[in-house]
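Have a look at the structure below before the remarks.
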Ligand SMILES: NC(=O)C1=CN([C@@H]2O[C@H](COP(=O)(O)OP(=O)(O)OC[C@H]3O[C@@H](n4cnc5c(N)ncnc54)[C@H](O)[C@@H]3O)[C@@H](O)[C@H]2O)C=CC1
Ligand SMILES: O=C([O-])CC(=O)C(=O)O
């Protein structure tokens, strides 16, 4: 180090400059850690891009971060043209995952293998499990306190897999890990409204169970504002919601649903945002760690959300005979899916 350099480094002026720079850095760090940042992993994907467009319109989100192993920059540049206050950031490649996740308050996972768009729910496990495991490891290093919303299929197994990875890293909080099942609620609301001749916006049908064919259970006996259905209508709506994934793949010639799914995923994410912003009475159904049924450790039920995630699990509504029968058939299927995810995370498969 030169003499001049030494003088400058030790002069009172330089000390003041150093202190000012340090203060500025801590102010910036404080500001960054207090913004409401939502990160979408798998952000360059078909559904995720639509989710991002919907989230960009929310005045409650300060920063929307798009992260993917595929290019995010061009999409994010265009997204940033939408004239809303929410700032857009974008990172491409695993070497930037830290930057993408740091300071996130909510992380939505839609990352998935490219070959899964026309597969059944269970067939998506093998291609997606490693992607999920790696992302959750990064999550546990860089933003373990964020709310984690998992859309990647099969949700029934991915949530237990993620939970085990978080446990192994000592950062698991069951109140902050969600499997997104809002797609089923949105479908149940629309199908019930159509049968009843009501405006879909006014209809709410809770959906319990899991997110795969026979584990999706619309609780039409608790449909609001009206739960009056014939047996034939009950069966038509229930089977319609359960088979919607397959039906869309057939209708779209080997591509799964995008639009309604993105709408549903953004609705759930915005409910998490509202809960973090301390809005009251935020109720959503989601697939979470649960002790409401002795046959399974995870179950979708209605939840009251708050700033710390699940404020209260509202449990199972009183079920009709038909719904009870569907649930009892679904529980062993869900329990198997749970074991599959847990075993993978523990390296047993
Ligand atoms: N829970 C639900 O209601 C819904 C779930 N899904 C699921 O969401 C996932 C995404 O669906 P699509 O958008 O159709 O798939 P997609 O194939 O269009 O997009 C997946 C994206 O993930 C990225 N990706 C892969 N590995 C990654 C990694 N390690 N880190 C970050 N990004 C990575 C890919 O590059 C791709 O851009 C699927 O698993 C799908 O089944 C889709 C709709 C509804
Ligand atoms: O797997 C997908 O891409 C879509 C999905 O979950 C559904 O349609 O329920």
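Indices start at 1 and increase along the chain as displayed.
Quick reminder: no glycine exception, Cβ is built from N, Cα and C everywhere.
Nobody curates TrEMBL annotations by hand; they come from automatic prediction.
Marked as active site, proton acceptor by TrEMBL: 211. Sequence-distant neighbours of residue 211 (active site, proton acceptor): residues of the same chain at least 6 apart with a C-beta under 8 Å from its C-beta are 121, 153, 154, 155, 156, 179, 180, 181, 183, 184, 287, 300. Secondary structure at residue 211 (active site, proton acceptor), as computed by DSSP, is coil.
DSSP assigns residue 128 (NAD(+) binding site) to a helix. Under the heading NAD(+) binding site, TrEMBL lists 68, 128.
Taken from TrEMBL, the feature domain 'Lactate/malate dehydrogenase N-terminal' covers 37-179.
According to TrEMBL, the domain 'Lactate/malate dehydrogenase C-terminal' annotation covers 181-336.
Cβ neighbours within 10 Å of residue 128 (NAD(+) binding site), excluding its own Cβ and spanning all shown chains: 24.
In this view, residue 68 (NAD(+) binding site) is surrounded by 25 other Cβ atoms within 10 Å of its Cβ, with every protein chain counted. Computed over the domain 'Lactate/malate dehydrogenase N-terminal' (37-179), the whole-number mean pLDDT of the model equals 97.
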